[in-house]
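Read through the structure below, which is laid out as structure tokens, and then see the notes.
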Ligand SMILES: Nc1nc2c(ncn2[C@@H]2O[C@H](COP(=O)(O)OP(=O)(O)OP(=O)(O)O)[C@@H](O)[C@H]2O)c(=O)[nH]1
């Protein structure tokens, strides 16, 4: 029996460094930022969920369900994850942010293979220098633990996964895969690099 893997694309942040403009909808080389992530992830998963806290009708135009954080307090990415984990019936949930337009096309296969070979609960991606805490493959059954962590006032994702059986999947062979866009200047730089 093949495993079902679904994805949530997190677009629920305030995007303060982008001047408050909704980062997932900001144009990058002719497409909304989130569309680049969707195109990378779509072939790798069965279903996609978009997690956004504003502009729902714009996000709905991509053709996937859109959900807001259960708690509307902008509690950070973990809030989006627990919302998505409650709504999925998949074996594993892939979590990615909306602001990484160059995500690996072999993200799921490599994380899953490592996760299974280590009998781990979750895999987190690394670019070889840093772990990428908002790029994870995890079991939805971890939701209770994540919710308790968040309810306890904690926000740091790496502190949460350090409590679990976690493997780090190395993507240092794709050094730009997790380039992320937080500011208008970074958007301009990436736009020029993609266009070359
Ligand atoms: N659901 C949800 N996602 C969030 C929240 N805060 C950040 N994220 C998402 O987590 C990822 C990383 O977010 P950041 O870039 O650190 O935060 P941001 O709010 O988008 O941007 P800044 O305000 O500039 O820090 C992005 O995909 C965000 O959309 C939140 O409160 N809820």
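Cβ coordinates are placed from backbone N, Cα and C, and glycine is handled just like the others.
Among the features that TrEMBL reports, domain 'MobA-like NTP transferase' is placed at 7-157. Per TrEMBL, GTP binding site is recorded for 10, 11, 12, 23, 51, 69, 99. The feature Mg(2+) binding site is assigned by TrEMBL to 99.
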**Study point:** Spatial neighbours of residue 51 (GTP binding site) that are distant in sequence (at least 6 apart) but have CB under 8 A
**Key:** 8, 9, 10, 11, 12, 66, 67, 68, 69, 80, 83, 84
Revision key, fill the gap. Same-chain residues at least 6 apart in sequence with Cβ under 8 Å of the Cβ of residue 99 (GTP binding site), in sequence order, are 23, 24, 33, 37, 180, 181, 182
Check your understanding: What does DSSP call residue 11 (GTP binding site) in the simple three-state scheme?
Key -> strand
Study note, to complete from the structure: Per DSSP (three-state), residue 99 (GTP binding site) is coil
